[in-house]
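Listed features, source TrEMBL:
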| type | residues | note |
| --- | --- | --- |
| BINDING | His59, His61, Glu65, His104 | Fe(2+) binding site |
| BINDING | His59, His61, Glu65, His104 | Ni(2+) binding site |
Amino acid sequence: TGAKVHSAQQILDADKYENDPELEKIRRERNYSWMDVITICKDKLPNYEEKIKMFFEEHLHLDEEIRYILEGSGYFDVRDKEDRWIRISMEKGDMITLPAGIYHRFTLDEKNYVKAMRLFVGEPVWTPYNRPADHFNARAQYVKFLEGTA
Ligand code: KMT
Ligand code: NI
């Protein structure tokens, strides 16, 4: 699907995300100049219910979505070539890069808690376009990429 998971227990150490040369290397190489940290749990995230609902609506973005799990866990679901859901279990130390134009959604698991770093190339634009959003160039590019994969 083009979604990359750096299941990175060996590469990234989430306990030292504030000073991790390996994280700095990824940020430098991929131009992830921007970052913040989001905590998703009932007591800490404003408009929690509304946001949880938005995250779980099937959508795409016009840019990469990059998430690095610092604490807790959750699931990213992505559509495969045959339009079936693939569930990606994300835990502490895992980083995922969703390509622009891929349909996806996010949900917490039974722990109801995740703390994640959000990375971005340049100024962040998180706008979700709920499905159907097939008219975007980013979508056409991604479909073309999928067709070129085995
Ligand atoms: C998103 O865009 O789906 C989120 O920021 C929530 C997930 S962060 C692990
Ligand atoms: Ni998204």
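Every residue, even glycine, has its Cβ placed from backbone N, Cα and C.
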Ordered by sequence, the long-range same-chain Cβ contacts of His61 (Fe(2+) binding site) under 8 Å (at least 6 apart) are Leu98, Ala100, Gly101, Val125, Trp126, Thr127, Pro128, Tyr129, Ala138
For Glu65 (Fe(2+) binding site), the nonlocal same-chain Cβ neighbours (under 8 Å, six or more residues apart) come out as Ile96, Thr97, Leu98, His104, Trp126
Residues sitting within 8 A of the centre of the His59, His61, Glu65, His104 CB atoms (Ni(2+) site), not counting those, run Leu60, Leu98, Ile102, Tyr103, Arg105, Pro128
Across His59, His104, listed as binding-site residues, the smallest other-CB tally within 10 A is for His59
